[in-house]
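Q: Let me give you the structure first, and then I'll get to my questions.
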Amino acid sequence: MQNDLHLLEGLCRQHGIPVTKNALTLLVRYARLLEAWNLKVNLVSRKEHAPVIVKHVFHSLLIARIHDFKPGETVLDLGTGGGLPGIPLAILFPETSFLLVDSTGKKIAACKAMIKELGLENVIALHSRVEELKGVIFDTVLSRQVAPLEELCAYSARLLKHDGVLICLKGGSLNEEIAEAVLSREKHLGFPASVDQLPIGEIDPMFSEKQIVIARW
């Protein structure tokens with residue numbers, strides 16, 4: 001645990017992500033819980049060589065480099081899986097409210113157990129399909145899932161407040177995917193005014209094939 005704590009602390013310091021000692025401890029505990037639950041439920045790939053604390057936890061925290069989560073802000077984590085990126089960001093920003101949604105009941109059960117074990121009071125896990133979310137809107141929507149950007153934008157358009165933002169963690173070449181999402185503005189009222197991408201490899205070479213996509217309404 002100490003090795004992971006020092007590794008994560010060094011990465012956060014190196015990349016200008018402010019993190020308290022208590023948050024560091026919780027983030028490392030979450031990584032351990034994620035590893036344990038992943039033996040029971042398929043939450044993240046079991047074939048990866050990079051440690052969970054880097055590949056999944058620190059990867060999620062990189063969103064804080066481009067978005068300033070504010071007290072009272074409401075955030076939806078769409079297709080959260082094992083709580084990524086929602087739980088790490090909820091630990092980092094305890095005054096921001098997070099709702100984690102996934103259509104797979106076993107994954108949400110794991111998230112609920114981890115949230116309870118960590119004592120987090122600013123995050124809720126909900127077993128639901130995104131189409132079933134009614135009467136709620138958010139300041140920010142996050143997603144780490146592999147769904148096409150056009151599909152994520154369609155879901156987000158009705159769930160975001162005015163001037164809301166969709167932030168996705170994605171991999172590979174996204175030029176065609178982004179172009180399709182932007183072109184869809186002509187077909188779908190409410191699609192984002194702009195879509196930008198930030199190659200995370202510019203932040204840290206270990207994520208050379210990863211990108212953050214930001215869609216602004």
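Just so you know, glycine gets a Cβ as well, placed from its N, Cα and C.
Sharing the features that Swiss-Prot gives for it:
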- Gly79, Leu84, Asp102, Ser103, Thr104, Val130, Glu131, Arg144: S-adenosyl-L-methionine binding site (BINDING)
Q: Validating a neighbour-count step here. Other CB atoms within 10 A of the CB of Leu84 (S-adenosyl-L-methionine binding site): how many?
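A: Neighbour count, Cβ to Cβ under the 10 Å cut-off: 27.
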Q: Out of Asp102, Glu131, give me whichever of these binding-site residues has the highest number of other Cβ atoms within 10 Å.
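A: Answer by Cβ density within 10 Å: Asp102.
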Q: Taking Gly79, Leu84, Asp102, Ser103, Thr104, Val130, Glu131, Arg144 as the record's S-adenosyl-L-methionine-binding set, what's the max Cα pairwise distance in Å, rounded to a whole number?
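A: Among the residues the record ties to S-adenosyl-L-methionine, max Cα distance equals 20 Å.
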